[in-house]
């Protein structure tokens, strides 16, 4: 996801004439706005005394009270009719109270009219609350949506690499807890070793379901990794969710989550960050001032120092602004001659690839479909043909004139999967042939439309069965065993036996489709990477994937390898055995995720309690222990300790292969402060009494 700066200023030579005289005044005014950040649209203005202004006024009189009276301190509102309709959304922080919430939202409406005069689309963020209104309906959006980023310019100084890794763990754990809480809000504190204490707060809109909340937080994590690396504090503020972390306490009350112990071995992190336009970060409150009327000698010296520092800042900033305007002038001149060329090249790329694919289809089973043909097959993408909503867009069932049933993935323009990912998926899957990989029949490109056409699989995806308490009984132990082994065979093909060496990078239950005989097929290759035979690992600054399935080295450092897929497979393995989601794990004992709970049962010799109650009487005790052992081998903290998929397949297919004892999984030491009892399967182990 690309970060969109909240303010875009064109670089013109005359900017220096405007900026320089105003710069000292602007510097003096910055502290007055330190607690608010706003975003205004460039177009869509309304006029004074217009119907739109009247509708906005009505909302400003009702929405603050509506939010304050809500148990979640959240409210939305719609006022008027098109073209003068106003959509509004407000949320107060989870540690706020009703009176403070009402006051903050009232102030937000007043301030936005000053900050964004006569703008139909505007948003403002304060510490206690946020407010957005627009003439376009944004209330159904689930993404972070044009975020603002506030960065503390100071870097970590103590154990910087380790602290950055710990920060990611803190944010990841806080996000999981917030997404699955009733108010979609969570706070946390991390105290580990000699690293500095870290505090975090995350919240998303209470009307989001946990999955959408997690997706929104995933966008925030990606931004944090790309732009906030090594910084002592920062915030990512979005319309549907936001995050803040600091090295000092900034929220009310005790944290929901406290992390006090993690594995001591932490790999090094690359703290290189991408430059971005940012707001200045607020600093921790100063010490209390002396009593009124008394000025200490120390304070008098401090005032003189501050005055001197202010003049230095003004002079330096003035010189920097001159340099900035000069650079802007050079860049502006160069860009002016390149825009048309770049736009033309970008426009032609899809058509060029379509031509190549049309030539390739002559010698393969791959088909480049015409758009009218897809429209007819899906009945104009009717609701009756909608199979589900994927990560990059909706999926529709269709039927070709010859009677063949197909599944069509229609990539949404706002999905985040651009033409590069689309091309990646087409070129990868078209060259792959395996019983446990979904078959890509072809694609379609016309204008903004990008469509992928797959074989139709009637039994939907794996998560449809194993995470539903009613449908889970349809997947008995034998079916689960076949599914586990099939996924393993599919991954082994990708890693070793295909013409291309491929790392999937997004293996999860919803990406495992099931045919009519419940055989698994791995799907969704939009994030996959090709490896050469000599490579052992790669790295990326843009970490993409799904909560709960990402290996620790990939999540924190962007390092991926075949062992990253092995980790994802291990998480999926445990989910199939237990019928529980790792990312939305129902808190058992004091563990926040399935990995920690599985390890807790394994070490205590109670591993049989991990199995889904619907299969616990069907599986032999020794076989169950063996499968859990293999799964735990795959999710070990260190990538070097994890087996390859060749090893996994060998262990699954032969009881003669000796399986070593696993080490502690990743993320296992993340605990919560409140203990919730976990349901017990009430199973007695009658075999292998000396087993763990």
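Positions of Cβ are set from backbone N, Cα and C atoms, glycine also.
Note: TrEMBL annotation is automatic and uncurated.
Features as listed in TrEMBL:
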COMPBIAS  282-292  compositional bias 'Pro residues'
DOMAIN    34-138  domain 'Gnk2-homologous'
DOMAIN    144-250  domain 'Gnk2-homologous'
DOMAIN    381-658  domain 'Protein kinase'
REGION    280-301  region 'Disordered'
SIGNAL    1-35  signal peptide
TRANSMEM  309-332  transmembrane segment
Completion exercise
Across the domain 'Gnk2-homologous' (34-138), DSSP yields 37 helix, 29 strand, 39 coil
Problem - the domain 'Gnk2-homologous' (144-250), counted residue by residue under DSSP: helix, strand, coil - result: 38 helix, 29 strand, 40 coil
Handout entry: Integer mean pLDDT for the domain 'Gnk2-homologous' (34-138)
Key = 91
